[in-house]
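Annotated repeat 'HEAT' per TrEMBL: 10-48, 164-202, 203-241, 242-280, 281-319, 320-358, 359-397, 398-436, 437-475, 515-553, 554-586, in sequence order.
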Amino acid sequence: MAMVDEPLYPIAILIDELKNEDIQLRLNSIRRLSTIARALGEERTRKELIPFLSENNDDDDEVLLAMAEELGAFIPYVGGVEYAHVLLPPLETLCTVEETCVRDKAVESLCRIGSQMKESDIVDWLVPLVKRLAAGEWFTARVSSCGLFNVAYPCSPDMLKTELRSIYGQLCQDDMPMVRRSAASNLGKFASNVEPAHLKADILAMFEELTQDDQDSVRLLVVEGCAALGKLLETPDCVSSVLPVIINFSQDKSWRVRYMVANQLYELCEAVGSGTTRSDLVPAYVRLLRDNEAEVRIAAAAKVTKFCQILGSELAIQHILPCVKELSYDSSQHVRSALASVIMGMALVLGKDATIEQLLPIFLSLLKDEFPDVRLNIISKLDQVNQVIGIDLLSQSLLPAIAELAEDRHWRVRLAIIEYIPVLASQLGVQFFDDKLGALCMQWLEDKVFSIRDAAANNLKRLAEEFGPEWAMQHIVPQVMEKMNNPHYLYRMTFLHAIALLSPVMGAEITCQSLLPVVINSSKDRVPNIKFNVAKVLQSLIPVLGSSVVDKTIRPCLVELSEDSDVDVRYFAGQALRSCDQMMSC
């Protein structure tokens, strides 16, 4: 009897847990569906588990979402593609629930299953499901149906395709704005599966219908469809049908629609082609750059370099650069920040002369902006300007501003400068670096913010790698050794960290002669934090130095630290001693 009851056990647990008041138990049960299906076998999963799930009326969205996700990967557990259609009923039910994320996941799972189904099964099972949802009394079913046409359409016979196009057209004119939004959002995907002849006859009619919608939430979704549809149409058709829509939308009464045009502009330009962009879209883009709404200007400013790449240098200087100058003084800090994040790329488009004359003053203005994110965005892209105007001009015009920012009151700005210093150093060369920036690099080691001190220590290592150990021995090591007498223990810890980072770059000889004595001397420090950091630094030096130095110098120091009164010092000293022993035993 036990052998007969055993297969029933998993489904019994599932049913019990799905009816449990505790949501976590119900969730756990749903997430174990694949395990339960394996235990039941393919046939019983089809005949018992799936029908049970279809009838399950759980009212918790989290449980329904988990079920929608699990069923999308359930084909192997019902017997493969041949039986994939049995998974459609529970997912069809989930497509009608009120919660949007559950419906979206159910549609995603249906698309995933539909893409694996045989063509005959799609016609027999999936297409009727789409038609039922599209005719659903409640709007949620009709919303879900819009996302399934792109899977159901390609495999359908011609008569059925005609019917599906007609149904989609009706959804585009649905009374409920939510349904029209879904139709607008999925139009591009549906259009990509429709034959070219019907694209012009049917899809363009739907597209034009949606562009006239009185709801801005529908029109803004049509903007995304413009780019997708434009790429499917022949260029003349695109220019005659899609371009007027883009131009009208750039002047739409709703700022959300204008924002979407600004955000999608580069993709829209690709759809209509560079020639049409130069002749027809420049005025529309200029309007967006000067829009009354800051959000629209932010989106437009973020695309300025990409748009200039399409226009070329001459048109960019003539039409776009005046707007860029205005935006660099925009009342919204977020507009200036968006501009600063891309404006450096314009140097590559405009060329050396225009960059020096027109862009450099804008860069300097943004580098002195009161908003730290604006300054950060400029700093992080300086290398793009260097490629165009050369390091001499860059250093003359921008370096004073960079030196000023190195002492900025916002630590993130100082951090960005530090991270850029090695790149700048490699471009400037040793002599220029020593004269202009060397002192700053040591100054940062005593910053009040830990992240700055840590980055400054890493910066010294990268500079030593760039200029070589001899330069580091002359310019870095003496100053680090001198600063080890700083009265504040946090700074002394930073210098120890810098020594640990520099040692592998400097090599065994310099480390042994100059850096190791400083570390050994610090083991006598009165602060336990310094002493256990000494133990960690000594442990990091073991691979750098030879076994004789480890045995004669490092080990005795660690033995002394291992007997310290502080438990943390003893712990790290013990760890380092074990590393010594491992090295000596090799």
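Every residue gets a Cβ built from N, Cα and C, even glycine.
Quick caveat, the model's predicted, so the values are computed rather than measured.
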Same-chain residues at least 6 beyond the ends of the repeat 'HEAT' (554-586) whose Cβ lies under 8 Å from its Cβ atoms:
516, 520, 523, 528, 531-536, 538-539, 541-543, 545, 547
Counts of helix, strand and coil residues, the repeat 'HEAT' (242-280), according to DSSP:
31 helix, 0 strand, 8 coil
Report the DSSP secondary-structure composition of the repeat 'HEAT' (203-241) as helix, strand and coil residue counts.
33 helix, 0 strand, 6 coil
Can you tell me how the residues of the repeat 'HEAT' (164-202) break down into helix, strand and coil by DSSP?
31 helix, 0 strand, 8 coil
Any residues 6+ beyond the ends of the repeat 'HEAT' (242-280) with a Cβ under 8 Å from its own?
207-208, 211, 216-217, 219-220, 222-224, 226-227, 229-231, 233, 235, 287-288, 291-293, 295-296, 299-300, 302-303, 306-307, 310-312, 315
By DSSP, how many residues in the repeat 'HEAT' (10-48) are helix, how many strand, and how many coil?
33 helix, 0 strand, 6 coil
What residues in the same chain, six or more past the boundaries of the repeat 'HEAT' (164-202), come closer than 8 Å to it by Cβ-Cβ distance?
127, 130-131, 134, 139, 142-147, 149-150, 152-154, 156, 209-210, 213, 215, 217-219, 221-222, 224-225, 227-229, 232-233, 237
Taking DSSP states H, G and I as helix and E and B as strand, how many residues of the repeat 'HEAT' (554-586) are helix, strand and coil?
27 helix, 0 strand, 6 coil
Tally the residues of the repeat 'HEAT' (437-475) by DSSP class, grouping H, G and I as helix, E and B as strand, and everything else as coil.
34 helix, 0 strand, 5 coil
